[in-house]
Amino acid sequence: MAKATRVLYWFRTDLRVHDSPALHAALALNPEVLYPVWTWDPEYVFSHRVGVNRFNFLLESMHDLSAALTTRSPESRLLVVRAPPQMAIPALCRQWKITHLVYERDTAGYAAIRDSEVVKRVRALGGTEVLAVHGHTLYDPQRVVAANHGKPTMSLASWRKAAQGLPEPERPLPPPEKLPPPGDTDLGDAFTRKNQPIGCDTDLNEDTRETELHCYDHIAGPNNEFAIPSMDELGLPPATTSIYGGETEALRRLDAYCRDKVRVATFAKPKTSPAEFDPPATTLLSPYLKFGCLSSREFLWRVRDAVDEYVKSNGDAKKSKPASKPPENLEGQLLFREMYYAAECAQGINFGQVRGNSICRFIDWKLPNQYAADGSKLVPRPRGNAVDEERFQSWKEGKTGFPWIDAIMRQLRLEGWIHHLARHSVACFLTRGQCYISWERGAEVFDELLIDWDPCSNAGNWMWLSCSAFFSSYYRVYGVKSFPEKFDKTGKLVRKFCPELAKFPDKYIYAPHTAPIDVQKKAGCIIGRDYPMPILDDKLEKERCISRIKMAYKKGYHGDHEAVLSERATAELEGAHDKGSESADRAADSGDVGEGVGDGPAGSGIGRGGEGVQVDQRSRSDEQGTRKSKRAGGVQNSEGSSKRRKTDRKVDEFFSKK
């Protein structure tokens, strides 16, 4: 008699029942029992920066998934085991006599390392087959990397070339109508505090907690019911976001958005406004894609069908607005997400940092990651220069004295989401624009505060915006006043999230420190008392950043270079800055114009994964200063210069259209 199939289905970033290839693969085994399991991993509770809004979104999504499971099997629910998966999954497989462990494959960062260890331990036990199924992205990153000869996809063009030989994404799978029940959930002696240690040397979320953490007091929850943890058990205050988690909400939002066929078909990401917030100018579906509450194929095909209906209904009518195309359209946003996933898959765990990262240019940023003599990263990071630390904290808290930057950072903290061009503004300001602080610090803050944080898109976007990889036009800097004025001269976003400035006239809303004192008194806000003075001279610091990055580009080091690993590169650049400051100023006035060295996407440089990234846009008021900066910023490079000149021309064409 054949042995009965007993499946443990391990949920992770696939919190849905619609279009789940891994869940369908599990059900195709015709199991007698199916255990839907989530492991409450201490890595994310202690060693990963996770803010209240993302934790809350996750918990809501887990509850929604559990309800969907119960709908399909009254005895089924999400079984949360509060232990490290590296220990919990093998123990459960042994205790529950599991014949098949099934999960959706995750190729990114820590998850890939975690899964490898889990699989190794499960297979060592014997008797359990492991089935990892692709499903989080449109294309399997591992297959894309193989088609790209093992190299990271550094542009949308290179990604497209690698993916063109792979099968097109299939239409989404329907949700299962029924599920097998779970079997006996008795844990026996599978878990003890000796073999299941909970805790960490460092709790990176300690400052966020208001009360003591209790989520690990019991392996199966307070009443041994495998309950989903609560914010109280995590010691966290209530969430502040208005974005509700879960598959049900994801599909509701997608349905509502796709009803407007014109909006879907003519969507162009660069033309959306970062100043709009209620409702936002984009779909706000990125958090649902991040947690797998919405499948990327469901999104893709709903968008394609809506565009097809729009085109058919409008025919060749000359008055109809043509449908937009990748990379600006909605489908294009998914493609940049795919590019980042493939790049990270090829690069590995170093993708999220400078050190050891061969695709990341080395720039001697302030406040970089710090490492011990053995090469291990120091956590928490030792404090750096007091001025740099103060600037970083002001940026993080939305207290820089630049209202556009501050409003965005306050919106981020409150809602857990900001428009992609808002992300560009604050990322540019922190790194190559004004503060010259490492993108690693900015990525950490986004890691903590963004609901849609993604290890691939977040690191990729920060490298792009800091001109450390993917993009090289570092002389193009977002204006702290001129850029937001392109979208909204009245300052709606500032008035909403910096209410102390709400009564300032439009003329001063983006630069209130320039308002006469009588205007400040009338607005009920004295700059320097009720709202901070600017923490720096934005124009002066922009020129300094450009000059320093130019020197770093000339050195040409990347994160895996011996000079970087030995920290010699930092000393070299500091010496070059000291010796070359006067000559750099002269070069800014008389130097030749060259092309930036880099591997940015051939073509437009528009749009990236998740909430996407478009190439910097600038207003006429930025252009005079930028021309001077461009002379300082150009670095000649004969290899591939023709292609780069072509790319730069297309970038300039893109700017001129704005």
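Here the Cβ of each residue, glycine as well, is placed from N, Cα and C on the backbone.
Per TrEMBL, the features are:
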type: DOMAIN; residues: 5-138; note: domain 'Photolyase/cryptochrome alpha/beta'
type: REGION; residues: 161-189; note: region 'Disordered'
type: COMPBIAS; residues: 172-183; note: compositional bias 'Pro residues'
type: BINDING; residues: 282-286, 333-340, 452-454; note: FAD binding site
type: COMPBIAS; residues: 571-589; note: compositional bias 'Basic and acidic residues'
type: REGION; residues: 571-658; note: region 'Disordered'
type: COMPBIAS; residues: 593-612; note: compositional bias 'Gly residues'
type: COMPBIAS; residues: 617-626; note: compositional bias 'Basic and acidic residues'
type: COMPBIAS; residues: 649-658; note: compositional bias 'Basic and acidic residues'
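Feature annotations (TrEMBL) mapped to structure.
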residue : record           : DSSP (3 states)
T282    : FAD binding site : coil
L334    : FAD binding site : helix
Y340    : FAD binding site : helix
W453    : FAD binding site : coil
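Y340 (FAD binding site) is surrounded by 31 other CB atoms, counting those within 10 A of its CB over all protein chains shown. The binding-site residues considered are L284, L334; of these, L284 has the fewest other C-beta atoms within 10 angstroms of its C-beta. Of all the binding-site residues listed (T282, S286, F336, E338, W453), F336 sits in the most crowded Cβ setting, with the most other Cβ atoms within 10 Å. Across the domain 'Photolyase/cryptochrome alpha/beta' (5-138), the model assigns an average pLDDT of 98.
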